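Report on the structure given below.
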Amino acid sequence: MNMQESKSIIEVNGVSKFFGEKTALDHVTLNVKKGEFVTILGPSGCGKTTLLRLIAGFQTASEGEIKISGKEITQTPPHKRPVNTVFQKYALFPHLNVYDNIAFGLKLKKMPKQTIEKKVKAALKMVGMTDYEYRDVDSLSGGQQQRVAIARAIVNEPEVLLLDEPLAALDLKMRKDMQMELKEMHKSLGITFVYVTHDQEEALTLSDTIVVMSEGRIQQIGTPIDIYNEPINSFVADFIGESNILNGVMIHDKLVRFCNTEFECVDEGFGENMPVDVVIRPEDLYIFPVSEAAQLTGVVQSSVFKGVHYEMTVLCNGYEFLVQDYHHFEVGALVGLLVKPFDIHIMKKERVCNTFEGKLIDETHVEFLGCNFECAPVTGIEAGSEVKVEVGFDNVILQDNEEDGALTGEVKFILYKGDHYHLTVLSDWDENVFVDTNDVWDDGDRVGITIPPDGIRVIKN
């Protein structure tokens with residue numbers, strides 16, 4: 001890659017976006033190289049579309065700055081930025097035919113008629129719609145309308161093309177066809193693509209670089225292979241493809257314990273007996289009739305044919321493993337599992353308990369999360385002191401009836417850890433509460449939150 005290609009065309013530096021008291025983006029920093037195909041990936045509400053709209057100029061950053069080609073454009077209106085945007089809903093003009101839709105921006109610039117005709121025909125050729133220039137847009141299929149929207153965007157020869165979930169409205173086959181066309185188009189045009197999606201497969205297929213977002217923050221930036229093979233945390237591991245994610249303990253370098261069993265691994269630099277997250281992809285587990293080679297033995301709980309492989313759930317020592325393999329084992333079969341050291345991925349835990357800022361009210365009461373909680377008797381700390389409050393994940397109780405809780409919240413993220421669920425609950429105090437539970441909840445569930453006195457640990461600041 002030469003110096004020109006490696007130069008950043010988009011620089012997002014410490015950008016935040018607030019909507020009232022809600023933080024949509026939290027100090028985001030991102031550099032996009034010229035000519036890259038970058039995909040911003042994340043679940044609904046993670047901030048990916050907000051970031052795209054800030055780059056496009058449809059919204060203004062609350063903090064930080066944005067540069068394109070070295071020029072600061074944070075406050076620059078959209079029509080003065082060297083970018084064009086393709087939307088999910090296409091935004092074509094129904095009263096104009098295909099040619100006039102594509103030519104619209106060029107006519108606004110008062111370009112000569114011959115120049116417009118040349119550019120429009122080149123754009124139509126690029127998207128494979130040479131014979132459609134005089135068709136009404138309402139007569140086109142969804143895929144054809146999307147091609148027209150892309151042609152209208154590229155005809156202006158922008159430095160950056162922004163695409164906001166442009167394939168979401170298409171059926172599966174058309175979406176896959178358009179993915180390949182977009183990839184070829186990017187290669188031919190040589191301009192920078194910034195693509196927003198919640199579809200992990202789409203991101204892995206299209207991108208040079210993937211930016212994974214959650215809760216207004218960037219979690220990881222890397223190539224599709226790096227993101228898939230070396231996720232930085234349990235959120236990324238769970239969001240990108242299927243994963244077995246379990247609690248483990250790093251005994252020492254290259255030796256980890258999980259599922260009540262010790263395994264050799266290749267990871268180093270963790271502290272002895274440090275709690276860690278262990279990630280194993282389903283395709284990296286070997287399954288076979290029980291033999292001495294088995295590291296774990298278990299019983300097949302379910303088996304589903306997926307076309308290119310079987311997907312099986314195996315219960316070992318009370319932990320469920322998802323396994324993908326070409327060999328089929330019947331439900332109820334006793335099997336062995338084996339995983340090679342380099343297929344065990346070790347990640348430092350982001351946290352080992354809930355930690356909150358609080359205030360000691362008296363010997364047996366502490367205030368945090370906007371509530372007054374009863375706690376075990378506290379000694380050596382004066383009433384009224386600012387304190388740190390620790391609550392174990394398994395010490396938080398969730399209830400169906402919100403009124404039964406000391407406070408309320410909404411389930412935002414669910415991670416299965418083999419023998420329990422690890423939930424992220426956004427409290428109405430706008431702080432996350434992390435919960436380990438065997439109960440089954442759904443994203444978006446409203447819950448009451450209770451913490452028993454013996455589950456609260458008060459620590460002097």
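Here the Cβ of each residue, glycine as well, is placed from N, Cα and C on the backbone.
Packing around Gly42 (ATP binding site) is summarised by its Cβ count: 26 other Cβ atoms lie within 10 angstroms of its Cβ, all protein chains included. Summarising the annotation, Swiss-Prot assigns ATP binding site to Gly42, Pro43, Ser44, Gly45, Cys46, Gly47, Lys48, Thr49 and lists sequence analysis as the type of evidence.
Averaged over the domain 'ABC transporter' (10-240), the predicted model has a pLDDT of 90. Per Swiss-Prot, the feature domain 'ABC transporter' maps to 10-240.
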Starting from the Cβ centroid of Gly42, Pro43, Ser44, Gly45, Cys46, Gly47, Lys48, Thr49, which together make up the recorded ATP site, report each further residue of the same chain whose Cβ lies within 8 Å of that point, ordered by sequence.
His198, Met213, Ser214
Cβ neighbours within 10 Å, counted over all protein chains: which one of the binding-site residues Ser44, Thr49 has the most?
Thr49
